[in-house]
Amino acid sequence: MAVISRTLFLTLLLALVAFLSASSSSTSSLFAHAQPQNDNEALLQKKVARLEAKAVKNKGVIQLDSLAFEDVMAKPRNYSMVVLFTAISPEFNCVPCLNFDPEYKMVAAGWSKLANKSQLFFSILDFKAGQAIFQKFGMNSAPSVLYFPASSSISGDPSQDRYDFGKSGFQAEPFAAWLQARSGVRVPVQRPFDFMGLAVKVLGTFTAVFSVILFVRKGRKIFGSKYFWSTISMIIIFVMISGHMWNQIRNPPYSMPSQQGRSGFIASGFQNQFGLETQIIAVLYSLLTGAAIGLIAVVPRIENPVGQRATVWVCMGMFTLVFSILIQVFKLKNPGYPFTLMFR
Amino acid sequence: MSTESSSTVARVLKPTILILIAIVAISSRLFSIIRFESVIHEFDPWFNYRTTQHLVKNGFYDFWNWFDEKSWYPLGRVVGGTVYPGIMVTSALIHNVLHFFNFPVDIRNVCVFLAPMFSGLTAFSAYLLTKELKDSSAGLLAAAFLGVAPGYISRSVAGSYDNEGIAIFLLVFTFYLWIKAVKTGSAFFGLLTALFYFYMVSAWGGYVFITNLLPLHAFTLLLMGRYSNRLYVSYSTFCAVGTLLSMQIPFVGFQPTRTSEHMAALGVFGLLQLYAFAELVRGYIPPKQFRALLKGGIVAVAVIASIGLTILSFSGVIAPFTGRFYSLYDTGYAKIHIPIIASVSEHQPTAWTSFFFDLQMLIFLFPAGVYLCFKELKDEHVFIILYSVFASYFAGVMVRLMLTLTPVVCVSAAIAYSTLLDTYLETSEHVLASTKPAIAAAATSAPVVIEATTSDSKATGKKTAAKAAAAAAAAAKSADAEAKTHAKSAASSEKKRFPIFNLDSRLLVILQLTWFLFMFAWHCTYVTSGSYSSPSIVLASRQQDGSQMIIDDFREAYYWLRKNTKEDAKVMSWWDYGYQMAGMANVTTLVDNNTWNNTHIATVGKAMSTSEEVSYKVLRQHDVDYVLILFGGVIGYSGDDINKFLWMIRIAEGVYPNDVKETNFFTPRGEYKVDHDATKTMRESLMYKMSYYRFAELYGSGNAVDHVRNARMPAEGPTLSVLEEAYTTENWLVRIYKVKDLDILGRDLKDSTAFDKGRVRKISSLKKK
């Protein structure tokens with residue numbers, strides 16, 4: 001009886017020990033509620049230190065990929081993040097991405113030089129490296145800049161704080177102002193000393209001085225020359241009537257990869273155009289004007305009847321051909337246009 | 001034919017052709033009247049029409065001192081001091097003259113037909129201008145081109161009663177007078193230039209173009225060493241008289257002495273005086289001393305002038321460039337600083353297609369004409385070159401300024417075209433051969449033209465324009481070829497030129513060119529009829545069976561407002577419709593197309609883009625009785641308020657950044673959505689609610705589709721508690737809502753609406769929590 005009771009007691013004891021030992025892992029976690037806090041803090045500190053190192057190495061900007069993004073954004077986080085979603089690679093032909101890149105880096109560099117900075121990191125996620133993240137955020141245009149405050153989680157994307165390029169533009173200054181509204185710290189935007197600009201200015205001054213000297217010395221010859229001014233005027237006119245100012249203001253891509261039988265250098269749509277397109281139009285216009293001038297000014301100077309006839313036919317042929325091409329190009333833009341010249 | 005008889009023929013032909021051109025120019029602008037009715041178009045014309053009515057009814061002095069309390073409520077607007085009165089005074093004058101001779105013409109018809117009538121005059125002044133540059137045959141061509149060029153028609157069809165309608169005539173005519181003045185050096189023509197400049201200032205803000213182009217011309221001539229007494233007399237007369245006269249327009253006031261836009265004119269005036277003085281002194285002093293004096297004088301003047309200008313501009317006497325003008329130089333400026341300018345579609349830059357669409361073959365004959373001007377390069381050709389270069393720049397920056405480019409393109413293309421004809425038609429026997437068919441053509445085209453004015457067929461109009469243009473060209477050519485031949489023989493003595501030897505070369509060029517003229521005329525008619533003749537207050541669409549359907553919702557709504565609201569009802573709408581409402585519905589508006597007060601417009605934008613509670617406060621504060629919106633979702637009219645909504649938000653955000661945030665209207669993917677994906681802010685905004693209120697009921701359950709944005713709408717539409725639907729037009733294009741009064745029991749309007757719907761108050765208040 002006693003044996004039984006002893007064994008019972010022993011088994012009970014054993015069971016208790018077993019239970020205790022089994023639950024020890026859970027208890028220890030229960031227990032060490034303070035301990036992992038320290039652990040997390042250490043982890044965080046490590047992460048921040050790592051990020052800082054990365055940032056310092058790269059002038060304040062951290063290059064991310066999908067994995068690194070998830071890692072950096074993972075929940076225990078006491079720092080804010082600014083992420084630039086971009087597509088720098090040439091095959092995407094993203095002109096605004098390229099334009100904004102140096103401006104962004106400039107603000108980041110300005111930030112990293114600040115003494116009293118709060119915890120904020122600048123990072124760049126290129127489409128090539130972080131396709132998954134782009135999908136996750138449903139980004140179908142680049143560049144975009146998102147701001148993640150320290151507390152936010154990445155899954156809460158609906159109300160993500162986004163920088164509005166459409167309104168504020170691609171300059172560093174409005175971007176810094178936007179950031180200031182969020183972080184409360186004024187980021188000084190120091191444009192790096194512009195050697196190119198200086199060179200251009202110096203060169204410009206030299207050219208100006210030189211042309212003044214030239215004007216004084218040989219002014220009559222060059223600046224009094226009709227050809228000089230007529231060339232300049234004609235160039236300006238051709239550039240303007242082929243829609244260059246539109247490009248200047250709207251910044252369209254130079255051309256697009258061609259697809260489905262649609263050439264890549266004529267934009268579809270009446271109020272849209274590519275950079276290359278305007279150049280093509282300028283060439284067509286100048287060929288037409290050239291043919292007209294040839295008929296007016298060159299032909300009557302030719303003494304030889306055969307040569308004169310040939311010139312007339314060539315000029316007129318070119319005129320008609322190029323005009324037809326021009327109309328054809330116009331029809332691409334405006335499919336309802338009913339008139340044609342040579343081609344149906 | 002002898003020389004004498006052919007010159008007699010020319011004397012008869014020229015006026016005939018000019019009259020025919022004027023008839024073509026006028027009749028090709030009548031499409032909208034034939035298709036719809038004699039009605040004022042678009043937006044701004046309605047204001048001009050309303051003020052003209054006021055002027056005719058109450059006389060000039062009352063008009064001059066008119067304070068309009070029915071617009072910009074509660075601020076009001078001093079109309080006399082904030083308009084360019086030229087167009088109103090012109091039509092009132094025409095109206096009064098006609099009535100004096102007992103022609104009881106309605107003022108509306110005077111207004112509707114004013115722009116087409118003036119287009120005839122524009123064609124005539126293009127003839128005069130080109131005649132000064134080359135000869136009358138080129139002049140006739142220029143007149144024909146300008147008469148039908150879509151770039152000009154776009155702003156001068158019948159019913160488009162706007163400043164540009166008469167301003168382009170004034171522009172071209174002022175330039176003609178200026179060239180005449182420079183050529184003759186007569187103070188008389190200088191004075192005429194100034195008078196017409198004054199007329200231009202009174203008619204259109206674009207007068208600044210003249211204010212800068214004429215001094216530029218004078219300055220360039222100075223630089224080219226072409227100073228002459230002719231230039232001195234004409235410019236001094238023009239500048240002195242013109243500046244003084246332009247200051248008589250209250251809207252312009254002291255600007256000519258203060259703003260930088262006008263500085264060039266005064267600067268060149270001063271320079272010219274100094275230059276003239278130096279020339280005078282040169283005559284009395286030995287060359288060596290004169291040289292020293294000149295150097296000293298230049299330095300002294302430069303120093304004094306720069307110091308003076310700096311002091312004046314810093315002390316604020318001279319204003320910096322105004323925003324609208326500045327946006328011409330720095331093209332990004334408007335986008336960032338003045339959304340209200342950027343939001344107007346005519347302030348957008350011009351794509352190349354617009355150039356071709358508006359000018360077709362003229363656009364590439366134009367540089368050839370400029371080249372020919374360089375070959376001649378007399379004083380007047382310098383002017384055309386400057387005009388071409390600057391106008392093409394401005395036209396590139398802003399679609400609207402296409403209008404100032406069109407005249408010079410027509411003039412210079414006409415020079416190129418007529419030189420081509422000269423070259424390939426010149427020989428006496430050829431002249432004789434081509435005169436007969438030309439006269440015949442001109443003669444036959446006359447009855448056709450008259451036919452076209454009465455008939456409404458598009459095809460006839462097309463043919464007429466084509467024929468008349470071709471006839472004008474051929475006839476003009478033959479008429480003047482005689483004179484040309486003399487000129488040519490004189491020219492050939494300088495440089496060796498040969499005639500065109502082969503008949504086939506001549507035929508090829510002439511026939512081909514004639515064919516191009518036909519194409520040009522077809523193109524112009526096509527563009528005019530298809531794109532520029534819509535009155536935009538009456539819409540036309542084709543039904544499936546091909547029959548035409550007239551959509552007259554705007555006038556329906558305005559008429560409803562006129563008949564069903566109190567005399568002093570205040571109606572809020574986006575500024576686009578302000579002029580139309582004032583003109584047609586005779587109600588008080590909060591904002592209109594005269595966008596002088598950005599804050600007020602932003603307030604309206606705020607009321608439209610915030611939630612009912614917030615916007616109700618704004619509505620009450622401004623005593624708004626009705627809200628009017630445009631909604632195209634039912635018939636697919638894309639110019640409706642939901643599509644303009646982003647601009648309202650943007651403008652409102654500029655003034656009330658705490659109440660309105662543009663980003664809240666975009667889905668996380670950065671899209672502008674109205675369907676299930678629409679953001680909460682979007683769904684709660686007053687504009688969204690008003691647009692889609694009861695929209696889903698129109699269709700079966702869950703089948704509601706917005707035809708503009710191709711969006712499937714939620715089955716349950718928005719509810720309204722501070723507004724109630726007052727009127728919705730036949731095609732749902734215009735919706736009018738009445739602003740509810742405060743609840744008589746002092747409840748929240750939301751609660752009282754819920755109560756009226758039979759819901760117990762508890763539920764709604766529970767729902768809130």
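Note that Cβ sites are derived from N, Cα and C of the backbone, with glycine treated the same way.
The transmembrane segment annotation in TrEMBL covers B:12-34 (among others).
Here TrEMBL flags B:13-413 as domain 'Oligosaccharyl transferase STT3 N-terminal'. Summed and averaged per residue, pLDDT over the domain 'Oligosaccharyl transferase STT3 N-terminal' (B:13-413) gives 89.
When Cβ-Cβ distances below 8 Å are used as the criterion, the transmembrane segment (B:78-98) is approached by residues 48, 51-52, 54-56, 60, 63-68, 105, 107, 110-111, 114, 161-163, 165-167, 170, 199-205, 249-251, 594, 596 of the same chain, each at least six residues removed from its ends. Among the features that TrEMBL reports, transmembrane segment is placed at B:78-98 (among others).
Residues or ranges marked as transmembrane segment by TrEMBL: B:110-130 (among others). Packing against the transmembrane segment (B:110-130) from elsewhere in the chain are residues 18, 21-23, 25-26, 29-30, 33, 38-40, 45, 48-49, 52, 87, 90-91, 94-95, 98, 136, 138-147, 152-153, 155-162, 165-166, 168-169, 172-173, 175-176, 179, 407, 410-411, 414-415: each is 6 or more residues past its ends and has a CB under 8 Å from a CB in it.
Counting only same-chain residues 6+ beyond the ends of the transmembrane segment (B:136-153), those with a CB under 8 A from a CB of the stretch are 14, 17-18, 21-22, 24-25, 28-29, 119-120, 122-124, 126-130, 168, 172, 357-360, 362, 402-403, 405-407, 409-411, 413-415, 417-419, 421-422, 465, 468-469, 472-473, 475-477, 479-481, 484, 521, 523-525, 527-528, 531-532. Per TrEMBL, transmembrane segment is recorded for B:136-153 (among others).
Summarising the annotation, TrEMBL assigns transmembrane segment to B:165-181 (among others). Cβ atoms under 8 Å from those of the transmembrane segment (B:165-181) belong to residues 86-87, 90, 114-115, 118-119, 121-122, 125-126, 128-129, 132-133, 146, 152, 155-156, 189-190, 192-193, 196-197, 199-200, 203-204, 206-207, 209-210, 214, 217, 233-234, 237-238, 379-380, 383, 387, 403-404, 406-407 of the same chain, restricted to positions at least 6 beyond its ends.
Counting residues 6+ beyond its ends, the transmembrane segment (B:187-210) has Cβ neighbours under 8 Å at 84-87, 89-90, 163-164, 166-167, 170-171, 173-175, 177-178, 180-181, 233-238, 240-242, 245-246, 248-249, 252, 261-262, 325, 391, 394, 401, 403-404 in the same chain. Taken from TrEMBL, the feature transmembrane segment covers B:187-210 (among others).
Summarising the annotation, TrEMBL assigns transmembrane segment to B:231-251 (among others). Proximity of distant same-chain residues to the transmembrane segment (B:231-251), defined by a Cβ-Cβ separation under 8 Å and at least 6 residues beyond the stretch ends, is recorded for 64, 80-85, 178, 181-182, 185-187, 189-191, 193-195, 197-198, 201-202, 207, 214-215, 218, 221-222, 257, 262, 265-266, 268-269, 272-273, 276, 379.
Under 8 Å from some Cβ of the transmembrane segment (B:263-285) lie the Cβ atoms of residues 211-212, 214-216, 218-219, 222, 227, 231-232, 235-236, 239-240, 242-243, 256-257, 293-294, 297, 301, 305, 318, all in the same chain and six or more residues away from its ends. Per TrEMBL, transmembrane segment is recorded for B:263-285 (among others).
Nonlocal intrachain contacts for the transmembrane segment (B:297-319), taken as residues 6+ away from its ends with a CB within less than 8 angstroms of a stretch CB, comprise 258-260, 263, 270, 274, 278. What TrEMBL records for B:297-319 (among others) is transmembrane segment.
The transmembrane segment annotation in TrEMBL covers B:355-374 (among others).
For B:381-399 (among others), the entry in TrEMBL reads transmembrane segment.
What TrEMBL records for B:570-620 is domain 'STT3/PglB/AglB core'.
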Long-range CB partners for the transmembrane segment (B:381-399) (under 8 A, at least six residues beyond its ends), listed in sequence order, are 133, 175, 178-179, 182, 209, 213, 216-217, 220-221, 224, 226, 328, 331, 345-350, 354-355, 366, 369-370, 373-374, 405, 408-409, 411-412
In DSSP terms, the domain 'STT3/PglB/AglB core' (B:570-620) comprises 32 helix, 5 strand, 14 coil
